[in-house]
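Q: Below: one structure in C-alpha cells.
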Amino acid sequence: MNHSLYLVAGLGKTGLSIARYLKRNNKSFVVFDTRKEAPGLAEFQNEFPDVPIYLQQTPDEVISQVTDVITSPGLALDTPVLESARQAGALIYGDIECLAREISAPVIAITGTNGKSTVTTLVGEMAKAAGFRVAVAGNIGTPVLDMLDDEHHYDLWVLELSSFQLDLTYSLSPVVATILNVTPDHLDRHHTMEAYTQAKQRIYRGAKAVLFNREDVYTVPHQSCQADIKCISFGKDAPSMGNWGLIEQENTIYLAKGMERLLPVESILIKGVHNWMNALAACALAEAAGISMQHILNVLKTFPGLPHRCQWVREVDGVGWINDSKGTNIGATISAINGIGGSMQGKIVLIAGGQGKGADFQELAQPVSEFVRSIVLIGEDADKIESALAKVVPVVRASSLEGAVTIAKTCAKPGDVVLLSPACASLDMFRDFNHRGDVFTSSVRGL
C-alpha cells in the first residue's frame, strides 16, 4: 500500500484543526506556513513536538513525497509551495472537503459576499428552536474539523462558506445551498468578477435544492435547474408561488412566501431592507431543511442580529450611531447605506476607509448622493475614496477612528445617523473588523 504524506499548508486556527484531524486518523503529515512568525506556532509545537514545520519554504524532497495538501483558505492557490505540490501530483483541498467526506448528516450551505454570518446564525437558531442538534460552522466560529469529534451528536450542519473555502471543496452535497448576493470583493485574490462568481457557484454542485436571489444575476445557478433539483428564489418584490419576497398591504410591509403573509417587517429586530432579505433567505433555507414555520417565525421575532453588522450603539443629542464594522467591502456598505437611509427621515454621516482590496469606490457614488450628508475618512485608501466621492458630498479626513467619531459628531444634525461602514478591510489600523468595531463603540459610548 502506498504511504500517504499530508502537507498542512497554513497554521492558525484552521491549520491546527487540520493537524488534530490528521493525528486522530493516524496520518503522517508535515506543516508549512508562508510567514516567519506563523500564528499559533508555539501552540502547535507544544501539541505536536515531533511534526516537522517549514516556514516560508518547503524543501523539494519533501514536496516530492507529499500525496495530499490540506490548505487553509487564507493561502492563495498560486502560492509557490501549492503550485509545486500540484505539479508533483498532490491533491489539494481544504478542511470543508475533509468534513464532506466524513459526515452523513444533512448540510445547509450558505455563501454570498454579504449577510453570510447573519443568515447562517439565524438558520442555526431556527434549527435549535426546532429541536435539531445543529453544528453552525465553516467561515464562522470554531473550525469544522474541531467539531468532528462530536459528529454523531449533530443531525444538521449549517455551514457558512467563503469563496476561498469553496475553491477547495469538491464532495459537498448540501440538502439546500444558497448564494445570497455577489458584489466585488477579494478581487486582489480572484482577480476578476468572473473568477469570484465561479468560486461562489461551486456551492450549488451536488445540492438537492438551491436558493438564489432573483435580483442578482450572479447568484442564479449557471447550470439551469435540472428536474430533480428544487429551485427557490427570494427578492424584494412580491413572490410567485413557492418563492419568497415582500408584500405591501395597507402601508405595512410583510415577509411573504407566495401570497402568504408571514410577518410584518416591523416585528423583526434586525433592521434595514438588506436584513429583510437576510430574514427571507434564512426562512427559505430553514423550511427547505424541514424546520417548521412556527419555529422559523418565533426565532425571527427575537433574533437581535450580530455584533458589528448594522448594530445600534446609542443615540446622542438626537443622532443615532450605528456600528457596521463588518462592512469590509463596497457591496456591504451600499447595502447598509440603502437599508438604513431608505428607512429614516434624516441623513447619514458615513465613516469609511481602510484597505480597499482593489475595489472601485465610484460604485458608492449613487447611494452616497441619495442618503449621505458627509463622509469622514480614515485609513490607507482614504485618498482613493476621496477622489471617487469628493464631488458628490463633503469629505473630511481623520487620522484615527476616535478622531473620526469626534468629527462626525460635529457634522451630524438631529435626526441623522452616524454610520461606521468602512467599505474596506481593517488590517492597516486594527487587528480585525471586531477590533475596529469595538474602538468605534467605546468612542461613541464616551461621547
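These residue numbers are counts, starting from 1, taken along the chain as shown.
Cβ coordinates come from backbone N, Cα and C, glycine included.
Swiss-Prot lists GLY112, THR113, ASN114, GLY115, LYS116, SER117, THR118 with the feature ATP binding site, giving sequence analysis as the kind of evidence.
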Q: Taking the Cβ of SER117 (ATP binding site) as centre, how many other Cβ atoms lie within 10 Å?
A: 20
Q: So if I measure Cβ to Cβ from ASN114 (ATP binding site) and keep only same-chain residues at least 6 apart in sequence, which ones fall under 8 Å?
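A: In sequence order, the residues whose Cβ lies under 8 Å from that of ASN114 (ATP binding site) (at least 6 apart) are LEU180, ASN181, THR183, HIS274, ASN329, GLY331, ALA332, SER335.
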Q: Which residues, in sequence order, are found in the same chain with Cβ within 8 Å of the centroid defined by the Cβ atoms of GLY112, THR113, ASN114, GLY115, LYS116, SER117, THR118 at the ATP site, excluding those residues themselves?
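A: Surrounding the site, in chain order, are ILE110, VAL119, LEU180, ASN181, ASN278, ALA332.
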Q: So if I measure Cβ to Cβ from LYS116 (ATP binding site) and keep only same-chain residues at least 6 apart in sequence, which ones fall under 8 Å?
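A: The answer is ILE110, ASN139, ILE140, GLU160, LEU161, SER162, LEU180.
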Q: Specify the count of other C-beta atoms within 10 Å of the C-beta of THR118 (ATP binding site).
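A: For THR118 (ATP binding site), the count of other Cβ atoms within 10 Å is 26.
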Q: Would you count the other CB atoms within 10 A of the CB of GLY115 (ATP binding site), including those on all shown protein chains?
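A: I count 25 other Cβ atoms within 10 Å of it.
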